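Visitor: The structure follows.
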Ligand code: F6P
């Protein structure tokens, strides 16, 4: 393999600083080309310092804010369009400095540079990790060539093909088999081939401008496809089968069900007859695919002309900027998609060029390390004050937990400390009336990110009062309450007495990060996604784990295939199961209608 950064002219030039750091950091290690052994974070001097600072640590945000008028400005950063206020976190300057040293000692910047230059940091699959290349602008210099592939040229060529195809669909030039314009696009995919598109489609609905609605079918529970197609007209529906591997059971099963639905619907409408040619023609007009395995797309019966490729160096959960975003380009147009990519890229650049002490995704990743490894946090809430981001926590669950839910390091040795925390969340204010009680007064430490936007997508008034302003006052109130709490004295001063005082007291010192942006534009959304990608990267690197494989999902997939014949009644397959599984199979057999 060769990892090189070349200018577009054929002449080799001195590598950029990125490539320079890559060479220095990576060499040719035995864990995969371009990768050296992970550094044990617990053996670093920064870790020892953090352990010392943790002993006897008594956070006091009230006192810290009172004593330091510069705290907010020192801990507030602008990351492109995002205002990120870290001041309500449980850190002081000494802790932040030690965390930054931890990032230095574990080589976060070097590994990031190695990743962006194409080193095979996905060691268990011996692959480069280049989702950042998906959002490099056209004509970026120097050109990125990895393993002999002109990555930039390939990325731009697929983007152009997606745009051209989407424009045909949006304009009505692309028609269904009966000559009708597409009104609905149904993306069939799961995991990274679903969560990004569905989250972004939900978030950017105000930008849908072509009279085309996207829907998303993911679950192999047949309810999903049945309900999502129930009110659709096959003549105006376009399916996108999105699967990196094109082997995923759920996606291929749903794709076959969708094909049957299409054929049956068209036949009922008298639009096609029962011949092979008619069916093939229907698929050609109503199915396209997105995959790295284009030969498997052809086997399924989709013309490779209608397939959009990407590459094995794009991880599923990092793939929404690739052709996996095709449904979004159709729904919103290519300008919106390019704006989204530009937002990603702005954050990619920030991470690559900003000193660690001011590097927002790195700092946020380090704060998470502090909470997980030193203060015992087991989960992290993400609370968007934006209904449009209702699927953002679900998206982040795959991004963070499939990435950092690991017990071994990238050299195969056991991790030396706790790794990935549980990410979860719901939009505010709904969460306030559900689980915030536990965050405010429970016994667990739950760091929380609050995300809000100054300007609403739908400015509505209630009796002359701006409802969005009221909404945002909740965002501000919650972070304030969590940080500063309410003392017993304050409760008593309101006239409360007896046992009620304790019940109405808020300890405070519940850490939050506030992320504020002018509006939820495509670019801002790209910035937000990239922010969390690089937070995840930072944590993974500190812990020495490969955040880019997902072997933990394999066993369940294998067993499901083994158990399927048992569900169908195969005696040998039933006999091969454990006692609990056999009993559940028996329950199934006796209750199935
Ligand atoms: O759940 C495992 C996984 O491999 C995810 O990482 C991936 O996003 C998802 O399955 C879907 O995979 P594919 O795009 O290959 O269908």
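The backbone N, Cα and C atoms fix where each Cβ goes, glycine too.
Below are the features I grabbed from TrEMBL:
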| type | residues | note |
| --- | --- | --- |
| REGION | 1-25 | region 'Disordered' |
| ACT_SITE | 402 | active site, proton donor |
| ACT_SITE | 433 | active site |
| ACT_SITE | 557 | active site |
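Could you give the neighbours, burial and distances for every feature on this list?
Guide: For residue 402 (active site, proton donor), the Cβ neighbour count at a 10 Å cut-off comes to 22, with all displayed protein chains included.
Taking the Cβ of residue 433 (active site) as reference, no residue of its chain lies under 8 Å away while being at least six apart in sequence. Under DSSP, residue 433 (active site) is assigned to a helix (H, G or I) in the three-state scheme.
Residues within less than 8 Å, Cβ to Cβ, of residue 557 (active site) and separated from it by at least 6 positions along the same chain comprise 249.
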Visitor: DSSP on residue 402 (active site, proton donor), three-state: which is it?
Guide: helix
